[in-house]
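Chemist: Would you mind keeping the following structure in view while I ask a few things?
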Amino acid sequence: MTMSQTDGVEFASRNTNENGHDDDDQLRSQWVAIERSPTFERITTALFCKRDEKGKKSQRRVMDVSKLDDLDRRLFIDDLIRHVENDNHVLLQKIRKRIDEVGIDLPKIEARFSDLFVEAECEVVYGKPIPTLWNAISSKLSRFMCSNQAKKISILKGVSGIIRPKRMTLLLGPPSCGKTTLLLALSGRLDPSLKTRGDISYNGHLFSEFVPEKTSSYVSQNDLHIPELSVRETLDFSGCFQGTGSRLEMTKEISRREKLKGIVPDPDIDAYMKAASIEGSKTNLQTDYILKILGLTICADTRVGDASRPGISGGQKRRLTTGEMIVGPIKTLFMDEISNGLDSSTTFQILSCLQQFARLSEGTILVSLLQPAPETFELFDDLILMGEGKIIYHGPRDFVCSFFEDCGFKCPNRKSVAEFLQEVISRKDQEQYWCHIEKTYCYVSIESFIEKFKKSDLGLELQDRLSKTYDKSQTQKDGLCFRKYSLSNWDMLKACSRREFLLMKRNSFVYVFKSGLLIFIGFIAMTVYLRTGSTRDSLHANYLMGSLFFSLFKLLADGLPELTLTISRIAVFCKQKELYFYPAWAYAIPSAILKIPISFLESFLWTMLTYYVIGYSPEMGRFIRQFLILFALHLSCISMFRAIAAVFRDFVVATTVGSISIVLLSVFGGFIVRKPSMPSWLEWGFWLSPLSYAEIGLTANEFFAPRWGKITSENRTLGEQVLDARGLNFGNQSYWNAFGALIGFTLFFNTVFALALTFLKTSQRSRVIVSHEKNTQSSENDSKIASRFKNALPFEPLTFTFQDVQYIIETPQGKKLQLLSGVTGAFKPGVLTALMGVSGAGKTTLLDVLSGRKTFGDIKGQIEVGGYVKVQDTFSRVSGYCEQFDIHSPNLTVQESLKYSAWLRLTSNISSETKCAIVNEVLETIELEEIKDSIVGIPGISGLTTEQRKRLTIAVELVSNPSIIFMDEPTTGLDARAAAIVMRAVKNIAETGRTVVCTIHQPSIDIFEAFDELILMKNGGKIIYYGPLGQHSSKVIEYFMRIHGVPKLKENSNPATWILDITSKSSEDKLGVDLAQMYEESTLFKENKMVIEQTRCTSLGSERLILSSRYAQTSWEQFKACLWKQHLSYWRNPSYNLTRIIFMSFTCMLCGILFWQKAKEINNQQDLFNVFGSMFTVVLFSGINNCSTVLFSVATERNVFYRERFSRMYNSWAYSLAQVLVEIPYSLFQSIVYVIIVYPMVGYHWSVFKVFWSFYSIFCTLLIFNYFGMLLVVVTPNVHIAFTLRSSFYAIVNLFAGYVMPKPNIPRWWIWMYYLSPTSWVLNGLLTSQYGDMEKEILAFGEKKKVSDFLEDYFGYRYDSLALVAVVLIAFPILLASLFAFFIGKLNFQKK
């Protein structure tokens, strides 16, 4: 509030005297003191009244508002905005009045777009557009041969319009009509690959004249956030990077003009404006303001979380996405479906605040919504209605109904206008709104509507305004942004560093766990190589070389988790980069620098553990130098994996490239293949491998030590002789050259990381693929909607009753938290029940408890099905549960998903023909016929849209013929028409006599009144109403109207919105009643208890439902169905299977080239070591890649498995056996690739026996590593921990493979680990089958020995043990597969 000086003092005096504090003179003197201070101080100084947590105010005093602590800010906002509905409007009015009093014009933006066309290019394939292995290969070949077909799809088709300031515009339209594309285009965020024509301007300025990404904000449909950060931290960082815009300059100007005019502002408004204008601070008052108006205060300090980590709810995450954008100074907002997952009351509150912001702050706002309630719809000033990429109507909201009445269509009474608008343009729903009875109805196309609008007064006025050039002289450039970044380079670097450090603290468990594993592996290594260096001869020098290589390999593999961690954050980085929060270098530098202490610690721990115990040269200087090399190598390796993640970004592809990098670095590192043994034309590989420089540095540090200075017969020191044999003798000075090279590699990889983040395209959805056949068909299917769900399969109608249900969990702080409090009710056959309440009331929790899905917590109360205590196995068979989150196998089609569900959930006495008929009927009922051959895909990346995925979730449950169906928010994410389709089907299902319960958030009038009964809940899991709705919701309205002070329901308003509004916490406080207690004391509650008891007694008269088995199908049918699904999933997953086949081919080719024909001539031990090195390379690295890539594939399907297992679709053994068997054909193919490429190129001996052994050993290797990767997934809670354990497994199987330390030299206390390591048996079988029967004499370490004797003496391999090796090799995959099957059935990491 602003006023004259006297009024201002009087206001402040009244405000303070009520609390017994300052008088007028003291306040005036304080204000005068502020005005006398320098400008830079005055702008951060205000008269601030501190408050305690009880709300008690202290004396108002002069304070620096930039130094307010968290409690001060929170209590200040709580005092300013006690009730969001009213107080936010008052606050904005006071701010606007203060601005107006000094004559400042607020900057504003008018966004115009004219003849805007947007086209996308898609790939045309013959047959179904399914990404199979064959399609992937043929697509790559066709692109290579430039013969691929491409088709352009028009997304926006010549749209024009004006988004005006001080007004809020609603964007409506059916799915795929171009709403998101229009929002992206107007905000300057369209993908560059899209072809755009037309003009877009802000205040007459084209996008090339300013920075649109900083002038406007786009609120995405996708909730991308860093899961480790809290809600407050997410908003603080967003606010910090966005800066304060013109707030600071405006506050300075207001202060200057007020001083000249002698105006004393409201102290609280002055403090708020100054605190919100502070730049570069870690926290800002604006964060607390946004938390308050979005209703996020309750979870402000809760971490965001994700699928594998607990966090905030989906609705809270949606609000956080909105808050992240509006916390900054930008006033032009393009918001995409911001109400998904929110109840209608919360949506109304948020949009009310946005409306107040638009009108009082002159903001420009365009919002797309799916199902706006009538009250929410009326908040908007203007409306844009879209269809088929065109704008049908663009004008004032008030005139849209009259426009369509002129076209012959009228919105019925008690029909949501938004719902009417989306259905009237649909061919399938249009006819019901035809109002010209005297005329025969004929379908009015979208083109006809557009033509009529263009000829209307509104259309002509719009064209007239667009034809006039915007007068730039009227433009306030403060509204446009001409800088990419709000902060200085140094401030951006500090902010990114602060966030990176915080994330490292939040992930401290991962780093501690990783360091613990490193200590564990280090302990094993030092005891395996115990005092190896104490004997100085060429043989022990070879062992010492093995220990050095193992150290290097361990630190190399230790960097792999950095790859997965980086990929997991790439999506959030890309979003924030597009928003111009910061440049890539500001993100890359802290990522690199703050990991230096981790590298330092892990390298030091390894060196400290192993150096003196293994027996390296004991000088302290050499200890430090070895540590420095390992430190530099570790830095370069984690930098390399970061760079790979930034370049490739896809999990499977990046993991495969990471594995290839390990292969290349290891093979060219100078140990597996000696430098002299490399082909001369491939020696460049040696000089490009960081591992070779580390090898040079470590060996120079060790073998130029005095203790290796003994002169040999060749007149060289023993150390030089050892280095010469390996081709590593580059002189003593080579150590520092190697160290410098490793630092250079670190800098190079970090530069690549930064450049990749800067210049490579942002991660996006996969390229659209369409079928050639479908492309020739009409896009509109005229099939009728099934008016009835005609499924006539027999089922048992069941009553579900529950009494005094309580659910209590223990918080991390050890406190008891009650989420459900004495909930009592009944779900009856043929009755459609709605479960409603504000976000966080416990609706989903109640469904989870009643259905038996909770995995922790204490459940009390009585739950009965059919009058008998619920038996979970039986209940899972006869019930269906549509989860809030749509979890499906990504590589099946829509029809196959339904077929799979019907196959396993319908009993075996139902014929296949009947099952197919049911599947087709459900496809028709839920309107999935047109997309039945579409791949489900991964949410946000490929496949179905959100609303299609939601309909699939419902369809999958319907085909199971359940007696009881629970649906958790079945209409969330659907537009009004799709929601109506779904609810029509649900209503028809209930009318067949089934028991149906749905939780709902923001239903339209029609959807809400389709329900028969309502259970209304409040926070704390308490029921405040349970009973019938009545015609036009009369019963529930009558119940709440009895409460004194409840406002009447306005005519044509949505009863659901009204109910949520009057039962909100703030409304309850105003009324001064406890609605839950009022319900428990009501006559309705007593009547309900009697009805529930009668229902129980009636049900008890019937027979108890007993099923003959836990599953609908036999074990054999379960296995067949699971194998069918897994086969399709694998065949359609080229990113997994094609990638690992390519990797195997690459590794084999590399080995073939490096070891060309080396197996033919074996004359000394080094020749044998070369051949053994080729075997070791293929075995270890092909295994590593298979293990790494299978993790993500199995982890994706694990969530689907949890859902399907709960529904008793199959036994875990049937699922796991199918998962195990489906890997075999791909492993067979990889093994064949190995034999075809490696065998002739390396020059192995040709015989059926030897070829078979090579094939058999590699085949078992691949299965072992595949099954171990699958086992890792099922015994760990998330992929990140699985990846960390994986790298330690690689180190162990490397150490005990018999390559870096042969079996005879392994200490007896570790020999059992040799026998437990699968790689030791594989290498035994490969080498012994090739050379175990060879009697040729070779020179081995100065002695002549037969090859077979050398194998036994040096490696411990015996030819007569091959039969045992063969048995053990097949036993390993069988054991691992059995463990996988056991643990996937026993462990459940899904916390509910």
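Just so you know, glycine gets a Cβ as well, placed from its N, Cα and C.
Residues or ranges marked as ATP 1 binding site by Swiss-Prot: Gly173, Pro174, Pro175, Ser176, Cys177, Gly178, Lys179, Thr180. The feature compositional bias 'Polar residues' is assigned by Swiss-Prot to 1-18. Marked as domain 'ABC transporter 1' by Swiss-Prot on the basis of sequence analysis: 139-413. The domain 'ABC transmembrane type-2 1' annotation in Swiss-Prot covers 491-703. The feature domain 'ABC transporter 2' is assigned by Swiss-Prot to 800-1045. Annotated domain 'ABC transmembrane type-2 2' per Swiss-Prot: 1117-1331, in sequence order. For 1-26, the entry in Swiss-Prot reads region 'Disordered'. Look at Swiss-Prot and you will find 509-529, 543-563, 596-616, 627-647, 652-672, 739-759, 1175-1195, 1215-1237, 1255-1275, 1281-1301, 1309-1329, 1364-1384 (among others) tagged as transmembrane segment, backed by sequence analysis.
Tell me what's around each of these sites.
Modeler: A coil conformation is recorded for Cys177 (ATP 1 binding site) in the three-state DSSP classification, outside any helix or strand. Listed in sequence order, Met386, Gly387, Glu388, Gly389 are the same-chain residues at least 6 apart in sequence whose CB falls under 8 Å from the CB of Cys177 (ATP 1 binding site).
When pLDDT values are averaged over the domain 'ABC transporter 1' (139-413), the model yields 88.
Beyond the ends of the transmembrane segment (596-616), by six or more residues, the same chain brings 504, 511, 514-515, 518-519, 522-523, 525-527, 529-534, 544, 547, 551, 554-555, 558, 622-623, 626-627, 630-631, 633-635, 638, 702 to within a C-beta distance below 8 angstroms of the stretch.
Within its own chain, the transmembrane segment (627-647) is flanked in space by residues 551-552, 555-556, 558-560, 562-564, 566-567, 570, 591-592, 595-596, 599-600, 602-604, 606-607, 611, 654, 657-658, 661, 690-691, 694, 697-698, 701, 735, 738-739, 742-743, 745-746, 749-750, 752-753, 756-757, 760, which lie at least six positions past its ends and keep a Cβ under 8 Å from the stretch.
Long-range contacts of the transmembrane segment (652-672) within the same chain: residues 545-546, 548-549, 552-553, 556-557, 560, 563-564, 567, 640-641, 644-645, 678, 682, 685-686, 688-692, 694-696, 726-728, 1135-1136, 1139-1140, 1142-1143, 1146-1147, 1150-1151, 1154, 1173, 1176-1177, 1181, 1184-1185, 1188-1189, 1191-1193, each at least 6 residues beyond the stretch ends and with a Cβ under 8 Å from a Cβ of the stretch.
Beyond the ends of the transmembrane segment (1175-1195), by six or more residues, the same chain brings 560, 651-652, 655-656, 658-660, 662-663, 666-667, 672, 1133, 1136, 1139-1140, 1143-1144, 1147-1148, 1150-1151, 1219, 1223, 1227, 1230, 1234, 1238, 1257-1258, 1261-1262, 1264-1266, 1268-1270, 1272-1274, 1278-1279, 1282-1283, 1286, 1289-1290, 1293-1294, 1297, 1299, 1319, 1322-1323, 1326-1327 to within a C-beta distance below 8 angstroms of the stretch.
Note on the transmembrane segment (1255-1275): residues 1178-1179, 1182-1184, 1186-1191, 1194-1195, 1198, 1219-1220, 1223-1224, 1227-1228, 1230-1232, 1234-1235, 1282, 1285-1286, 1289, 1318-1319, 1322, 1325-1326, 1329, 1366, 1369-1370, 1372-1373, 1376-1377, 1379-1380, 1383-1384, 1387 of its chain, located 6 or more positions outside it, place their CB under 8 angstroms from a CB of the stretch.
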Chemist: Give residue numbers and ranges for long-range contacts of the transmembrane segment (1309-1329): same chain, 6 or more residues beyond its ends, CB-CB under 8 A.
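Modeler: Tertiary neighbours of the transmembrane segment (1309-1329) are 524, 527-528, 1171-1172, 1175-1176, 1179-1180, 1183, 1249-1250, 1253-1254, 1256-1258, 1260-1261, 1264, 1292-1294, 1296-1299, 1303, 1351, 1355, 1357-1359, 1361-1362, 1365-1366, 1368-1369, 1372.
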Chemist: Restricting to the same chain and to sequence separations of six or more, state which residues have a Cβ under 8 Å from that of Gly178 (ATP 1 binding site).
Modeler: Val118, Ile155, Leu156, Val159, Met386, Gly389, Lys390
Chemist: Take the transmembrane segment (1281-1301) and find every residue of the same chain, 6 or more past its ends, with a Cβ under 8 Å from one of its Cβ atoms.
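Modeler: Contacts of the transmembrane segment (1281-1301) (Cβ under 8 Å, skipping residues fewer than 6 from its ends): 510, 513-514, 517-518, 520-521, 524-525, 528-529, 543, 546-547, 549-550, 553-554, 557-558, 560-561, 564, 1172-1173, 1176, 1179-1180, 1183-1184, 1187-1188, 1191, 1195, 1268-1269, 1272-1273, 1310, 1313-1314, 1316-1320, 1323-1324, 1355-1356.
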Chemist: Between the binding-site residues Gly173, Pro174, Pro175, whose Cβ has more other Cβ atoms within 10 Å than any of the rest?
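Modeler: Within the set of binding-site residues, the most crowded position is Gly173.
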Chemist: Note the Cβ centroid of Gly173, Pro174, Pro175, Ser176, Cys177, Gly178, Lys179, Thr180, the recorded ATP 1 site, then list each other residue of that chain whose Cβ lies within 8 Å of it, in sequence.
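Modeler: So the additional residues around the site are Met386, Gly387.
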Chemist: Of these binding-site residues, Ser176, Thr180, which scores lowest on Cβ atoms within 10 Å?
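Modeler: Counting other Cβ atoms within 10 Å of each of the binding-site residues Ser176, Thr180, the minimum falls on Ser176.
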Chemist: Please report, as numbers and ranges, the same-chain residues at least 6 past the borders of the transmembrane segment (739-759) whose CB is under 8 Å from any CB of it.
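Modeler: 573, 577, 583-585, 587-589, 591-592, 628-629, 632-633, 635-636, 639-640, 642-643, 646-647, 690, 693-694, 697.
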Chemist: What are the non-local neighbours of Lys179 (ATP 1 binding site), defined as same-chain residues 6+ apart in sequence with CB under 8 A from its CB?
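Modeler: Counting only residues 6 or more apart in sequence, the Cβ neighbours of Lys179 (ATP 1 binding site) under 8 Å are Leu171, Leu172, Gly173, Asp336, Ser368, Met386.
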Chemist: List, by number or range, the same-chain residues at least 6 past the transmembrane segment (509-529) whose CB is under 8 A from its CB atoms?
Modeler: 543-544, 546-547, 550-551, 554, 558, 561, 565, 598, 601-602, 605-606, 609-610, 613-615, 1280-1281, 1284-1285, 1287-1288, 1291-1292, 1295-1296, 1301, 1306-1307, 1309-1310, 1313
Chemist: Using a Cβ cut-off of under 8 Å, list the residues of the same chain at least 6 residues beyond the transmembrane segment (1364-1384) that approach it.
Modeler: 1198, 1201, 1212-1213, 1215-1217, 1219-1220, 1256-1257, 1260, 1263-1264, 1267-1268, 1270-1271, 1274-1275, 1318, 1321-1322, 1324-1325, 1328
